[in-house]
Structure formats: structure tokens, C-alpha cells
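Sequence annotations record features per position, and here Swiss-Prot assigns signal peptide to 1-20. Per Swiss-Prot, motif 'TonB box' is recorded for 26-33. The annotation domain 'TBDR plug' is assigned in Swiss-Prot to 38-152 on the grounds of sequence analysis. What Swiss-Prot records for Leu83, Ser85, Asn92, Val110, Ser111, Ala251, Thr309, Arg517, Tyr551 is cyanocob(III)alamin binding site. According to Swiss-Prot, the domain 'TBDR beta-barrel' annotation covers 155-614, on the basis of sequence analysis. Annotation comment: Swiss-Prot describes 158-165, 184-195, 353-369, 371-381, 385-400, 403-417, 434-443, 449-458, 517-529, 558-572, 585-596, 602-614 (among others) as transmembrane segment. The Ca(2+) 1 binding site annotation in Swiss-Prot covers Asp199, Gln211, Asp213, Asp215, Asp250. As annotated by Swiss-Prot, Ca(2+) 2 binding site applies to Asp213, Asp215, Tyr249, Asp250, Asp261, with the evidence given as sequence analysis. What Swiss-Prot lists as motif 'TonB C-terminal box' is 597-614.
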Amino acid sequence: MIKKASLLTACSVTAFSAWAQDTSPDTLVVTANRFEQPRSTVLAPTTVVTRQDIDRWQSTSVNDVLRRLPGVDITQNGGSGQLSSIFIRGTNASHVLVLIDGVRLNLAGVSGSADLSQFPIALVQRVEYIRGPRSAVYGSDAIGGVVNIITTRDHPGTEISAGWGSNSYQNYDVSTQQQLGDKTRVTLLGDYAHTHGYDVVAYGNTGTQAQPDNDGFLSKTLYGALEHNFTDVWSGFVRGYGYDNRTNYDAYYSPGLPLVDTRKLYSQSWDAGLRYNGELIKSQLITSYSHSKDYNYDPHYGRYDSSATLDEMKQYTVQWANNIIIGHGNIGAGVDWQKQSTAPGTAYVEDGYDQRNTGIYLTGLQQVGDFTFEGAGRSDDNSQFGRHGTWQTSAGWEFIEGYRFIASYGTSYKAPNLGQLYGTYGNPNLNPEKSKQWEGAFEGLTAGVNWRISGYRNDVSDLIDYDDHTLKYYNEGKARIKGVEATANFDTGPLTHTVSYDYVDARNAITDTPLLRRAKQQVKYQLDWQLYDFDWGITYQYLGTRYDKDYSSYPYQTVKMGGVSLWDLAVAYPVTSHLTVRGKIANLFDKDYETVYGYQTAGREYTLSGSYTF
């Protein structure tokens, strides 16, 4: 199941150590401060999802994994592969930092926000998810939270899997990890996924001409990694992956003109690293390169026709991070450099552009008696907007054994994307969007229930909005977000329960109107149990009311979208010690709902899959 953060500190063993759902030692996370540390020493709310969780849920997309997590609200323009957005604690989709193995997702650099509908679920071995500001560690984008997708496998062997389902869904996957001698490990993976999909547009809502077709999705993925331990403290790795996706979608149709309704995405990433893992000092140097080519075109004319568009971006990064144990805690420091380059025509920008950013940061964690203190500061020097600084601090007080109060404050920012700076309506004088956040939380273990309740406020200024009168982007928006988050997990006999509740009041601070596409309330519940070797799982999610715009006519009207309750049922059975079969019914009661106005969801879906390991 999802493993919620316990309160075990790195330097003392208290009653909190009983909170960890997995076995001791406490689960290690790397995302909070770039180095492995017990999850319980991170004062920000942190959730870890393992590959075992993903297999148990039988998720076929990254979005299906993330939608189950506290504070996450997913919207999507239809089914698999269709454009999606991630809202964390009511912030914008562009206020979520998505990392792949600790490196910023390349695709987010063009549009300003990450669309994880395109990222292959086959690559995901682990997800570390931190809520709240983290710009003081990572720089731009980390306003609402950080999602770190980790591709490294943690178990040797070979697995072959296949799956089939509704809308002609099919998936085939082969992966292997082999040990070469005592010090070298090789991992290889290949994956193929395809669905015919369904017609995503709900006609009459969008005003577009009917396009009665199936909006399908095809993805092909390759992955390889080589890891080597030179000595007991020195190690290195080389890793690469790529995917080739095709998505069909519904677009606005103009008679006599090409209908651009197909997306073709090529993406490849390569990284290499060297690590020193001493008893007191740790250091790592990581370099990476990624290249994406994103075509949108009419398949009757091809992706090289004048009607087609191409967004092409290359990203280069270098990260040097260091950590030293001092007293009852540690101090970390590092520098990272990033260069993003676009080809001419990307994001409708006539010329190609380079943007460089160099950041230096300092982090610290220290325990003093019943108190735990955490802090970080960072300075970024950007080739476009100059220097920008952020900082954050948190304190935890174990006022009674097994119970803790946490208070935190942090600043964060979001840099303008390349389209906002240099596009047809761009403004090269834009400043970063800025955020100030406060949070207070209580957490504890009561009668076997591991719980946390927190309240937060986030004031965002200098939001980049489009001005209809001047036809330019300006820093003129403000947002005020207030929220309450409650999480709990507990066991009752053979049943394991995980539940969360989110209340988010996200508003335009100038007009006092709700921000679009955010559900005001969400309830999420996961029930797992084993009966006669069958592993059962029930997932419940309530999505509250939200608002969106009807873009079928101008001026655009605000529409209210009602809430919905969704149920999933999953079951798995180990036929042998090597062969496991699984089945799932998503949207069990076939509820009709939308998360983006005018775009249909799939309705009830069935999947059947099997995996063989050796």
C-alpha cells in the first residue's frame, strides 16, 4: 500500500518508530533534499508509491497512480494519451515540479506544465511525492509540490507481462535485470501499449463540428541502465530511455483546411552519474541530456506539411550535490546548471532560443531534544530574468511521545515559459510568479490509526495572465489558496485502510472567483485485503464540484460541474510462484462525468492481465 510518512527521526528512536508501515529501518527517500534520508525526517507531508502498489492497483497510466494521492487533482481531455493537467493543493498545473530520476522533465519546458499522459507507466518503479514549496531546493516550478518518478529497479530477474481490456486496449512488456559479477548490474526494458480509445468530445458542449471517430493512443518504449560499484563507497551509472507516442484527438475543424488532430511525440533521455557514499560525507555528480520532438499534424498530409507544427526542445543539466552528517542532523549544499534550447517554430516562436539557469542551494536538518528543525535556501541566476532567491523553514515539536506539531513557511517561484516570453503574444519583460506559503500540522498514532491533519495558505502573486486588449502576457494576476488536508491509515484484522480528505478553496485574489478545474473537496479511500490467496482492492474517490469555461462561444461563460463518486475493483491471484493473473473494473458503476468541460471520460472499463517472473 502507499506508505505514509512516520515520525521516526534519523538520530533517535522514539515511539514514532512504530508508525512506519514497512519494516525497519524507516523507508528512505531522496527527493526532499536530493540525498537518501529516512522519510520521517522530512517535515513536509511525503508519500511513497512502489511498483508493488502500481501492480496491485493495475494502473495503466501515470495519471491513474497520481489521482489516488492526497492533494492531487487530475483533469484530462478524455482518455489515454489525451492532454492532462496536475493540480496540487489548488495551485496551477504549471506549479508542479515533475522530476524523472531527480532531473526536470524536459517536456514541461515548452508549455510550462507537465503532461504526464504521455509518460509510459512501464518506466515507473517508484514515485516520491512531496506537498508544499520546494523551490529552495529545486528552483522554478516547485510551488504546489514535487513529483519524482524513479525508473531504477530494485530487484533482479526477468518479467514478461501482457494485458488486454476495453476499447481494444493491449499491452506487452518485457523487462530484465541481471547481475554481472559482484559489482555490475544491467537493466533492460521494452514496452508496447495501444488502445483504440473512444470519441472524447461531448458534442454540444464545445461548439466544434462533430468528428465521430475513436481517439486512440499508441506508445512504444525502450529503457536501459548500467550500474557499477567501483569500491565500497564509489559507484557510477549510465542510463537511457526513449518513447515514441501517437495520440489521436478531436480538434476544431475549418472546412477546406487540413484537420490537425494527431500528435506524434518522440522523446529520449540520457544521464550518467558518479556517487561517493561515505560514512559521514556523500557526494554525487550527475549529467543529463534529453531531446523531445512533438508534432501535431493532419495524417492525410503528414507531419512535414505546412499545416503541421513541431515543438522541439533539447535540455542539458549538470547537478553536483553534497551532504555531510553534523551533530544530530546534516547539512547539504550543491549547484545545478540547466540549458534549454528550442528549435525555430517551437511554441509558435519564430526563432530558436536558449535559456540558461544556474542555481546554488544550502539545506540543513537538526534535532535538538524533542524539536526537529529543517531549512533551505537557494539562489538562481537565469539568463532571462536575472537572479531570484527562495527559502523555507520548518520546525517539528514532539509535545507528547508519539504526537507532533509541525509549522512551516516557504517561498517559491515559477519562471515564465518560452511561449510566454517569445511567442506571438510573448513579453520578454515578464517576471517569475511568486508564492508565499504557511502550513501547520498535527500528526500522531492513536489506537492503531496513523493520522495527520494540516491546514495551509498559499498566496501567489505576479501570476502571468493574457490580456485580451493588449494581446500580450503580463504579471497581473494573484491567487489566494486556503486548504485543509487529512490523511489516515490503519488495519482492522485482514483489512488495510488508507483514506484522505482534501478541502481546497482556491480563488482569484482580485475577483474572488474560484480558480478553474479544481475540485473544492475530494475524498479518497483504498481498501486492501487477502482472502484465500486472492488479493482484493477497492478504490473510492469523490470529486467535488468544480468550475470551468464553455469555449463554444465568446464571451466565454463559466459553467459549474457537479461532483461524482467513483469506485474501482481489482483482484489478483498467484496461479504459481511465478505466474500471476489480475483483473480490474474501473468506474464500476459507469458514472458519466467530466473533469474538463466538453470532454467525456471513458465510463466503465475492464482490464485483464498476467505476468510471469523468472
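Heads up, the Cβ atoms here are built off N, Cα and C, so glycines get one too.
Shown on the structure are the features that Swiss-Prot records.
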residue: Leu83; record: cyanocob(III)alamin binding site; CB count, 10 Å: 18
residue: Asn92; record: cyanocob(III)alamin binding site; CB count, 10 Å: 27
residue: Ser111; record: cyanocob(III)alamin binding site; CB count, 10 Å: 18
residue: Gln211; record: Ca(2+) 1 binding site; CB count, 10 Å: 18
residue: Asp213; record: Ca(2+) 1 binding site; CB count, 10 Å: 16
residue: Asp215; record: Ca(2+) 1 binding site; CB count, 10 Å: 27
residue: Tyr249; record: Ca(2+) 2 binding site; CB count, 10 Å: 23
residue: Asp250; record: Ca(2+) 1 binding site; CB count, 10 Å: 24
residue: Thr309; record: cyanocob(III)alamin binding site; CB count, 10 Å: 16
residue: Tyr551; record: cyanocob(III)alamin binding site; CB count, 10 Å: 15
Most Cβ pairs under 8 Å with the transmembrane segment (158-165), selected from 403-417, 517-529, 558-572, 602-614: 602-614
Residues close to Ca(2+) 1 site centre defined by Asp199, Gln211, Asp213, Asp215, Asp250, Cβ within 8 Å: Val200, Val201, Pro212, Asn214, Asn248, Tyr249, Asp261
Which binding-site residues sit within 10 Å of Asp213 (Ca(2+) 1 binding site) - Cα, from Leu83, Asn92, Ser111, Tyr249, Asp261: Tyr249
Whole-number Å value for how far Tyr249 (Ca(2+) 2 binding site) lies from Asn92 (cyanocob(III)alamin binding site) (Cα to Cα): 24
Under 8 Å by Cβ from Asp199 (Ca(2+) 1 binding site), counting only residues of that chain that are 6 or more apart: Gln211, Pro212, Asp213, Asn214, Asp215, Asp250, Gln600
Packing count at Asp261 (Ca(2+) 2 binding site) (other Cβ atoms within 10 Å of its Cβ): 19
Of 353-369, 403-417, 434-443, 517-529, 602-614, whichever stretch has the most CB pairs under 8 A to the transmembrane segment (449-458): 434-443
10 Å Cα neighbourhood of Tyr249 (Ca(2+) 2 binding site): matching binding-site residues from Leu83, Ser111, Thr309, Tyr551: Leu83
Remote residues contacting the transmembrane segment (184-195) - C-beta distance under 8 A, at least 6 residues beyond either end: 60, 79-80, 120-123, 152-153, 156, 165, 167-178, 216-229, 241
Secondary structure composition of the motif 'TonB C-terminal box' (597-614) [DSSP: H/G/I, E/B, coil]: 0 helix, 10 strand, 8 coil
Three-state secondary structure, Ser111 (cyanocob(III)alamin binding site) (per DSSP): helix
Tally of residues which DSSP labels helix, strand or coil - the motif 'TonB box' (26-33): 0 helix, 2 strand, 6 coil
Rounded to the nearest Å - Cα separation of Asp261 (Ca(2+) 2 binding site) and Thr309 (cyanocob(III)alamin binding site): 11
Beyond the site residues Asp213, Asp215, Tyr249, Asp250, Asp261: chain residues whose C-beta lies within 8 Å of the centroid, for Ca(2+) 2: Asp199, Val200, Val201, Gln211, Asn248, Ala251, Thr262
Long-range Cβ neighbours of the transmembrane segment (353-369) (under 8 Å; 6 or more residues past either end): 9-12, 33, 37, 41, 136-137, 139-140, 326-342, 375-384, 415, 418, 421-422
